[in-house]
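Undergrad: Okay, these came from TrEMBL:
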- 32-49: transmembrane segment (TRANSMEM)
- 69-92: transmembrane segment (TRANSMEM)
- 104-126: transmembrane segment (TRANSMEM)
- 132-152: transmembrane segment (TRANSMEM)
- 159-176: transmembrane segment (TRANSMEM)
- 196-216: transmembrane segment (TRANSMEM)
- 228-249: transmembrane segment (TRANSMEM)
- 269-295: transmembrane segment (TRANSMEM)
- 326-344: transmembrane segment (TRANSMEM)
Amino acid sequence: MEEGSSKPSNSSWDKIRNLKHITMEGYKRKPISHWILLALSIVAMLVAFPASSLLTRVYYSNGGASKWIISWVAVAGWPLTALILFPSYFFLDSSPTPLTFKLLVSYVVLGFLSAADNLMYAYAYAYLPASTAALLASSSLAFSALCGYFIVHNKLNASMVNAIVIITAAMAIIALDSDSDRYDYVTDHQYTMGFIWDILGSALHGLIFALSELVFVKLMGRRSFHVVLEQQVMVSFFGFVFTTIGVIVNNDFEGMASEARSFKGGKSSYILVLVWSAITFQLGVLGGTAVLYLASTVMAGVLNAIRVPITAIAAVILLHDPMSGFKILSLLITFWGFTSYIYGNSSASSEDSPS
């Protein structure tokens, strides 16, 4: 093998230096308001999403039982996003995206898939500790990469493939250690189903992410802040409609009264848990949307990597989740997988940049 054959070529280094120069120059031109909004968005992602996950677990551990109600709560806060969208038309001097038939159908389909995804995660959190559910949900990154490759034709390099293998190995470690963190009132069958529903929900989440990107590319042809908000509002709205139908058919609205009476802490605690679950989930969504627009998908990937251990550690501290050596190992491997994916994503971006 020739000396230095494993090192990047001069042209590759030139591309990387050029990308860094362009990035730094772009950052220098950003006003202080940009950084303030980005900082708030990062805090929203790192605080709101873990809080929403913990509140879901609190609902089940304190006497809640309905999977449909938790699914409904996840999208019931969609008007909060709409309250941000409508003023953006005036402040950003923009107009609403024309609602074509194809775009409407895409919103309905994505809304239905979103409702199904929330229901799967509701089953997962009903039977699994929050730390375990969060670790398993991190597999959505691997599914996003695969779906993006096959549906949107995104690049998939060696580092990304490595990340998929690593995250899969982390999930296998959790499966082998299932006896250490199973609640006493959860049967083996329920724990297994919670595990399966979490993985299926992560797979569906990856599909939704790829289809959303396809909508931007094929139907909208642009990706601005208000366009991203428009899609989020419409998808959440139709997800809310489908979930509301499910709650009504399952008679869970009628069961909320009795559930509130038997809830640990009483009716007021029951209402607070559901209301804050809705608020924190939407704040997390808004934060993620803003980070994608203000920074990059790589930054969003970094934050997703960080919020997994935040959720797991917070669950151990606040909810006294069991944390075995295998789960700690799985957490470290998952973080390694995220890092590998982010590196691969950065490399792909540098290759696409002009030399």
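All positions are counted from 1 along the displayed chain.
Any Cβ shown, glycine's included, is placed from N, Cα and C.
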Undergrad: Do at least three C-beta pairs under 8 angstroms join the transmembrane segment (69-92) to the transmembrane segment (196-216), pairs 6 or more apart in sequence?
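TA: No, the transmembrane segment (69-92) and the transmembrane segment (196-216) are not in contact.
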Undergrad: If you count every Cβ pair below 8 Å, which range out of 32-49, 196-216, 326-344 shares the most with the transmembrane segment (269-295)?
TA: 32-49
Undergrad: Look over the recorded stretches 104-126, 132-152, 228-249, 326-344 and say which has the most C-beta pairs under 8 A to the transmembrane segment (196-216).
TA: 132-152
Undergrad: Return the stretch with the most CB pairs under 8 A relative to the transmembrane segment (326-344), choosing among 104-126, 159-176, 228-249.
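TA: It is 159-176, which has the most Cβ pairs under 8 Å.
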Undergrad: Which residues of the same chain, at least 6 past either end of the transmembrane segment (228-249), have a Cβ under 8 Å from a Cβ in it?
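TA: Counting only partners 6 or more residues beyond its ends, the transmembrane segment (228-249) has Cβ contacts under 8 Å with 66, 68-69, 71-72, 74-78, 81-82, 84-85, 88, 96-97, 107-108, 110-112, 114-115, 118-119, 212, 215-216, 220, 282, 285, 289, 292-293.
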